[in-house]
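Look at TrEMBL and you will find 10-250 tagged as domain 'NADP-dependent oxidoreductase'. Residues or ranges marked as active site, proton donor in TrEMBL: Y28. The site 'Lowers pKa of active site Tyr' annotation in TrEMBL covers K57. Look at TrEMBL and you will find H90 tagged as substrate binding site.
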Amino acid sequence: IRKEEILHKVIDEGLRTGYRFIDTAQVYGNEAAIGRILVKLLPQHNLKREDIWITSKLAPANAGAAAARKSIEDSLEHLQVDYIDLLLIHWPGSSLKSENPKNKILREESWKIMDEMMKEGKLKSIGVSNFEISHLEELKKVSNVVPAVNQVEYHPHFHQDELVKYCNDNDIHFQAYSSLGSPTYREKLSKEPVIIKLAEKYGVSVPVLLLRFAYCQGISILPRTTNPEHVVCNYEVTKLSISENDISLMLALKVEHKTCWDPRVVV
């Protein structure tokens, strides 16, 4: 979301509703707008910097020792903060293409810079996004610093059970994006008969049910919207309980459809 007027409205409504977590990234091109908005809105909502959590992500183009530190310093300046709560490596490759043989080296270099900046207090924690088990295993071999988070696509038509288990076993928090399916797949996912039936059973909208699917498994979620009304509706997920049996029904769906870029092909 790059339009500052829209960002202002949804962040304002979010803070009013109870949200305290903002997820952004260098490639989103909205860090500076978010920084300007928070400077205005935090005092209006009687909040301080330490009352909110900001996650940003290192762009693939900024991977490696040469560019990582400068780009993170730029993110701090854009956001108008002294520290970022969580910084993620956005993508395991230096671009969306998989064949770059330097990907592994650049990941290691980025991680080292991020670790240094965490020790300096400019980053409170560091993690990754779109990392597969193979990428996480490689990182383990070169660093004692365990990623705090792995942020990946996760919904009833794409739930990576093996990756979820690996993260849980290795004390890496598993975080979901595209909980409703990407814009190109959202309509199809929302027409899944099991999901429609369960939404009716619990008396909630399909989006709230889909968000709760991850949330009640201890998986945090990123409910993106440009609509302030949806900001309020999505927050209802915190009040909904779904039985383990009904979660199992969604996990048992035999559809596997990756809606976003696929990191499984990144070397």
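Every residue, even glycine, has its Cβ placed from backbone N, Cα and C.
Whatever TrEMBL says is automated annotation, not expert-curated.
Spacing of K57 (site 'Lowers pKa of active site Tyr') relative to H90 (substrate binding site) is 5 Å (Cα to Cα, whole number).
Long-range Cβ neighbours of the residue listed as 'substrate binding site' (same chain, at least 6 residues apart, Cβ-Cβ under 8 Å): A25, Q26, V27, K57, L58, A59, P60, S129, N130.
Y28 (active site, proton donor) has a Cβ environment of 16 other Cβ atoms inside 10 Å.
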